[in-house]
């Protein structure tokens with residue numbers, strides 16, 4: 001404690017002011033029973049000191065804990081005026097508190113100048129006290145506690161010049177008071193200063209020992225006066241997935257002159273949904289839209305709307321992860337404002353819509369959101385197309401901006417392109433209109449009657465498949481082939497029992513006939529569409545010994561003519577070049593007396609086109625030996641010698657087959673010292689008495705018979721050798737014995 005001023009003495013009184021340091025402190029004063037003088041320093045009032053317990057009041061203690069009490073008392077002479085030293089609180093926000101112990105005085109306080117005490121604080125007189133405890137007269141404070149609202153309290157003690165009562169000297173002992181400084185709760189509205197009608201803090205007051213401080217509610221900022229609060233909402237940021245935001249003071253009227261900006265920022269791919277709660281109330285005008293206060297909502301710079309009035313916007317799906325809410329107000333108004341509950345969900349992408357009726361969206365969902373995807377396919381027979389590009393698959397993913405990462409494709413009907421051309425055949429469209437689209441049907445046909453169709457498991461009908469290929473009934477994509485029809489001449493020769501001499505053949509009667517030119521003129525027969533069957537000796541003549549010329553060279557030099565009965569016309573039609581020559585390994589060109597194996601095959605470089613004048617001959621059935629029975633008639637055609645001149649026109653002759661016994665007997669009769677070999681691979685035909693035979697130039701031509709079972713002409717022999725012309729039997733290579741060799745070379749599947 002410290003004495004603010006010296007005690008002031010005025011007549012018979014003294015004045016003791018108590019001062020607690022700190023402008024918000026308060027004093028506490030209480031009276032108690034008389035104490036021993038030793039508790040306080042003895043002496044006269046102006047020289048009073050403080051006891052040790054008072055000195056201990058300098059120690060700091062918890063809030064509201066009193067300092068160690070000090071004491072004042074009135075061991076005084078007469079007359080006396082005591083001014084007690086000022087009370088100074090050791091805590092910055094303490095207040096003096098004084099308790100009077102025992103006071104003796106006259107019956108009526110201040111009566112005729114009697115001793116009494118006055119207590120004053122906060123510009124108020126807290127009371128005048130005198131008398132004794134329990135006295136019916138006077139005014140003793142008892143154990144009453146006096147508390148100041150400020151940090152000053154005044155105790156004035158008055159005494160007169162007498163201590164007698166009705167002539168009796170009474171030893172008045174005065175008073176003993178205890179004082180204490182306590183903390184003042186400035187935040188208590190009852191403790192507000194008298195001259196300050198407003199609360200110490202506009203919003204929230206926080207008391208602490210020795211003082212207080214102010215703070216503001218959320219959304220407000222404490223101003224420089226440390227008392228008032230102003231809305232601060234210019235940069236409110238929300239990053240949680242959901243939450244609430246509202247105008248200041250909602251649902252109470254919002255403050256004036258606001259410039260609020262509430263920003264919601266969520267991760268990409270989320271869409272913010274705003275739901276306005278009730279009440280919704282923003283100043284408006286009946287005739288002008290939002291002239292006073294405005295609530296503006298923007299999403300990534302795109303303005304969603306401007307709102308005011310009392311009609312709630314309800315729920316707004318922003319389709320954005322960034323939303324700004326701007327709230328602007330003027331200087332007046334009493335509207336209650338607004339409140340928003342915002343939530344978020346993955347952003348939605350537009351519902352996928354097929355571009356055509358053939359598009360199929362697998363597992364179509366009612367809603368697609370960020371990172372969802374859909375898969376597109378087409379109905380059977382349609383291709384996924386993006387522009388001109390054919391897609392094998394298609395998947396679209398919903399992006400963070402609410403768009404699909406690629407646009408919807410279209411489905412285009414499968415097109416099988418033009419069907420493959422059929423060699424020696426055609427195709428026709430079965431369905432109308434004719435096109436190459438999915439499920440279109442075509443039918444292959446060969447050029448009849450010269451070719452017949454051969455398929456590989458299915459028929460001649462092909463359908464455009466979903467894979468874009470033409471397939472037959474068995475699902476095979478390989479188109480059929482047109483194989484030559486053999487042994488079916490358009491103008492077959494009429495079978496006559498006997499024909500005297502050779503006859504000129506009509507065109508188309510022997511369409512398999514070939515004219516060869518290798519070592520002179522020779523004949524041959526067409527097998528299939530690219531093979532010529534002939535005698536080996538027309539390629540490697542006897543007595544030549546082979547001439548050391550390779551077969552490849554002979555093939556280059558060979559001339560083959562087909563399709564006419566006139567030699568001159570044949571030459572005009574052109575040569576069919578030979579690719580390869582095959583001679584049977586049993587043929588020996590050095591042995592002039594042995595024509596065994598006299599058979600050869602020439603492969604043409606290009607297949608010939610069959611028609612009425614060009615058709616192949618058939619090979620015999622290896623199980624049918626009736627063709628070689630004695631007397632079985634056959635036909636031989638050729639461009640050979642007639643009357644010692646080469647014929648310019650195709651001639652033919654019919655001859656009977658002769659039994660081996662007759663042939664051998666006649667041959668034995670004609671052979672000299674070097675008989676000709678008549679092997680099992682040969683047969684003979686002809687007449688002994690009638691001059692009808694093959695001759696030079698006919699070599700290589702075939703002996704043909706009509707197979708009554710199939711109605712086809714069959715080559716049973718090849719003109720090989722003889723003794724003279726029309727002077728007996730002629731000898732032929734027996735084709736039946738070489739069928740396997742022929743088929744092995746020319747591939748049976750091509751016959």
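Yeah, the Cβs are placed from backbone N, Cα and C, and that goes for glycine too.
Of the listed segments 28-49, 50-71, 72-93, TrEMBL assigns region 'Disordered' to 50-71. Of the residues proposed, 293, 363, 372, the one TrEMBL records at the same Ca(2+) 3 site as 330, 332 is 293.
Counted with DSSP, the domain 'Sushi' (414-484) comes out as 0 helix, 27 strand, 44 coil.
Excluding 293, 330, 332 themselves, the residues of that chain whose CB lies within 8 A of the CB mean position for the Ca(2+) 3 site are, in sequence, 256, 257, 283, 292, 329, 331, 333. In this structure the alpha carbons, written CA, of residue 229 (disulfide bond) and residue 160 (Ca(2+) 1 binding site) are 58 Å apart.
For the pair residue 233 (disulfide bond) and residue 216 (disulfide bond), the C-alpha distance works out to 13 angstrom. For the recorded positions 308, 398, 699, a Cα-Cα cutoff of 10 angstroms around residue 537 (active site, charge relay system) retains 699. For residue 598 (active site, charge relay system), the nearest of the recorded positions by C-alpha distance turns out to be 260; the candidates were 201, 260, 330. Close to residue 205 (disulfide bond), meaning Cα to Cα within 10 A, are the following disulfide-bonded residues out of 216, 260, 398, 411: 216.
DSSP states for the domain 'CUB' (233-345), grouped as helix (H, G, I), strand (E, B) and coil, give 0 helix, 59 strand, 54 coil.
Sorting each residue of the domain 'Sushi' (347-413) by its DSSP state yields 0 helix, 32 strand, 35 coil. For the pair residue 398 (disulfide bond) and residue 699 (active site, charge relay system), the C-alpha distance works out to 85 angstrom.
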